[in-house]
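According to TrEMBL, the feature domain 'PH' maps to 1-113, 129-218, 434-528. Taken from TrEMBL, the feature domain 'Arf-GAP' covers 224-338. As annotated by TrEMBL, domain 'Rho-GAP' applies to 638-814. Per TrEMBL, domain 'Ras-associating' is recorded for 840-929.
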Amino acid sequence: MYVLISLRPTLWQDEGISSQGSVYLPNTGRQVSATKEDSSQLTAVIKSEELLLSVVLQDVYSKGIISTAFITNVTSVGELKFEVATNNRTFIFRAESEAERNEWVTVLQDCTRGRHHRSSSMNPGSPLTPDHQGYLELKGLRSKLYTVVSSDKVFLYKNIDDYRIGVGITAIEMNVGNIKDTDRRSFYLTTPYRIFSFIAESEQLKGQWVDAMRNAIGEALSNSEVADQIWAEPSNSFCADCGAPKPEWAAINLCVVVCKRCAGEHRGLGPSISKVRSLKMDKKVWTEELVQLFLVLGNERVNSFWAANVPPSEALTLSSCSEDRRRFITNKYRQGKYRRYHPLYGNQTELNNALCINVQGSDVLETLSLIFCGANVNCSTGMTAWPTPLSLAKAHSQSLQAELINHNLNTGTHYCFLSMDTICIHLFLQYYAVMVNVHYLFFHAEFSRRWCTLNDGTFSYFESDKNSNPNGALKAPEIVCMTVDTPGKHGYENTFELYSESERLYLFGTDEPDSHKEWVKSIAKCFIPAAAEPLLRLSFERIGRLKYKDGLNLQTSKVGWFALVGSTLHAYMEHSQAEEIHLRKLNELSIQQDNEVLVLVEKGRTLYIEGERKLDFAGWCGAIQAAAGSGGDTLSQQQLTETDIPIIVHSCIYYITQCGLTSEGIYRKSGVNSRVAALCDRFRQDARSLRLKEGEHQVDDVSNTLKRFFRELEEGLFTSEDGKTWLSAAGIQDESTKISQYKLLLNRLPLVNRATLQALINHLYCVQRFSDKNQMNLHNLAIVFGPTLFQTDGKDYTAGRAIEDLIQHYTLIFEVGTDMEKLFSSRLIHLYLYSTEPGGHFICTVYLEEKKDTAEQHVKIPGSMTAAELTCEVLDLRNIPVKEKDYWSCWEVSEKEEMERPLHYQERVLPILHSSGTDSHLLIKKHHAMDLMIDYLANKGDASKHGMIKFREEKSILGLGLTSGNFHDRYFILNSNSLRMYKDVRVSLRHTNSNRPERDWPVKNLKTIDHIVESHVALCLHLSLSVCVYLSLKYDGNVWPQDGLQQTRVSRVLPESRHGNVSLIPLRGSENEMRNSVAAFSQDLLAVSQPTNHWG
């Protein structure tokens, strides 16, 4: 049995020491004895014996190694023994003979001679220069080993402390090694003598270890013959980019020699820009001509072109980080930022001509300058025999010129398309795994590096740039959606996702923003059709193909191309121009889960987006919902109404107008803080879905929610830029000058701020009109809202004075027209009159004949009010007389479903208002088919109807058009009790009891809704006759009041013709004119100009 000690001085940077040797000493099998003085060394030997000694002569890998860099002394001690001392330990060895012992001592002393004076000045740690180091778990051992990859070897240490004192386990020569990648964190290092199974701490670290060990293998197998030749040119001995000594890589088309770290960044540019090759491993590439080209040019001469204008602040150093190197190298070679521009730069014809002339001579630096300043290496020479510069150079025996041109035949193609680039990829292959992880965040460590290409509409990715067979590929027609992620979302600064037709998600990332932008635009251009190309000019977050249906055709799905940009959805639909859908202004946004339909309702239109594929549809739904919500704390980022007012402002103002206009101390009294905070959170999450209801929400809570919103508003209502200017305007003494300044500042506000300010001041104008009840006059409101809107501390009244001015001069500053003044005054008086009535009433908006501002009417509706009473109320308010045969009716209109329903005159109105959504309203107009319906029922003997009708049952929201099937012919029988449906016509009225119907509905539970299309009058009249039978059966023949509407009017006692202490705000004119205006209202409180009766 032998003890092995390995002496490897060249591994530890032993300057001047080139010898290495192994001497085997016979082991006596006895414990080494020591004197009392050496007790500490004895302990070290005993504790380290298993680690340091090899028990088998044939072992290739030692049980211990000692770095000669840390040996401080070697001496002979006792019989056949010698002592090896380091700073921390002393090792005692015994030889078989005196001669062998002396030989060992002599060799070790030669290795350590001259080192004693240097050891004390060393920093903690081994003099070994590591390429990669850290802990790895070796299968079979309980503890992890500290592993160091250096040059062409791998060293194993028990721990980092042993590494620092130079005492290791073994060294693995990588010239016989091979790396095999296994699962996520483990890999094999195989040698002819042993297989080392390592486990890294993470997948990312595993990749780094594998790369480092493969580089070590390459280093071990490399040949320095070419490197020595290239380094013969002195400037080639230093990196062309950072100046590092002995660079072992080169960009053969750029003619620069670079170090390993810079070569990695060159490789990231892609081979269309920089063709990186090794001086030691790619021997076949280095032809005699290429070597001569590098010797003729050299880094110094080449940098006179590439680095002619490098600012000192941007130059690289040996210690520059990877990010700085990437930025510099990208600027230098991709952008050409530092190059020396050729005098002919920008003149393509002259550049090409100069190239053709120059390749006939020996000036290769001029040729390089011409090529990288825009000359076309494939241009026509005008000579039939030598049509290209390459053939011309060969014809003139200019082998170096031909070599340079040959390596740049594809240079410049990266300006047209992305040929190849290094990018990181995470590929999901399992469909359900992708569905689960659509919103899952990935980290830098979970990516694997892949070499990617985009060529002829096919996106491919490879294991590395040396592989010819791709790991996978995506053709343009297979890509249905692309998502551009927010920076840093998945560990990389820039990532994007590709969704395929086969329900797979591909996630790519890069830290280079310019490369990321090129990839996104280039890939999107591949799969977006020419008709939707303008979408590519947008800074989209998501772009792709979706199926949709709109309100014009709900039977057939169409294909559209959509791009999401901020809160706007841009669309190119079939046979239509570009459209924009402002998501924060939607009336409704919902997902119909059963049918996987996203419903977008805006003014006058409903769009149904279908989920053709679950994976990308889920992404679209989430992105659109997020974009439709509040995007931040500024006004423009809120969910908005059609008039550009934040929904939270509109909802609070509307609720307070309805329920709290006369509440004492409104806006001055505090609400319950917890409820106010909860309301703010609800509005912030989705203001569109929150409806404020009397009884459920308290007036003071809502008013404080509105104040808190304005107080916490980022940049404020008046903007941070102009806020102080508004306050300065409040100090102007001349009223006309002050008003003019306010109007000027108002016009400078952004659209949303201007609309919001007008809505709020309009509301406060209304509140102070009821100061006799709510005790909030002009001054009190200004005290509350001045500091709130201007976000000041309220120590002075400047902010309050500005708000007071805005309310007092509302009509002048906001340029409210005369017609609007009259309408607004009518509303105020109407609200005031109804404020004296008992509770339980609701103020609702009803429209006359059509929905528009001038046709709206605010009506106080008690719970018992019927449709006929509401109709008479509105007609009275508008001074419209009811003539004979005028069948004025109340209609429920659904804008979303494009449908309307005439209410039966006995139907109560308030339950309908409570059940309808924001897209519905009540309309008073004439029922033109009523006369025909009454005559039809008068001449008809029995109140029943039967016949064939096309039928389809809606399983989802009304009018969606997405059902289980198409229309089917069914036979229906309507009688006084029920509506029955049969499959065929074989049933007769006499035998209805003996045949079981397919469906049966009680008449009392049915509701009819007409889908009116003006161009199909005959169809509408036919439907009306069917409906009148149903109404006659449901209401026992009572379709219309026998005595007309006159007998159904509500008995309404008007208040006294006086105004009490209501302080009417001055509208226009002098004080006498204002008094006359008030007197005019006293004569007829509800009088307004009577609208034209379009129905005669």
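Here the Cβ of each residue, glycine as well, is placed from N, Cα and C on the backbone.
The shown structure was predicted, so the numbers you read here are calculated from the model rather than taken from an experiment.
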When counting Cβ pairs under 8 Å to the domain 'PH' (129-218), the leader among 224-338, 638-814, 840-929: 224-338
Secondary structure composition of the domain 'PH' (129-218) [DSSP: H/G/I, E/B, coil]: 25 helix, 38 strand, 27 coil
Mean of pLDDT values spanning the domain 'PH' (129-218): 89
Secondary structure content of the domain 'Arf-GAP' (224-338), with strand meaning DSSP E or B: 58 helix, 11 strand, 46 coil
Tally of residues which DSSP labels helix, strand or coil - the domain 'PH' (434-528): 24 helix, 36 strand, 35 coil
The domain 'Ras-associating' (840-929) - residue tally per DSSP class, helix then strand then coil: 20 helix, 33 strand, 37 coil
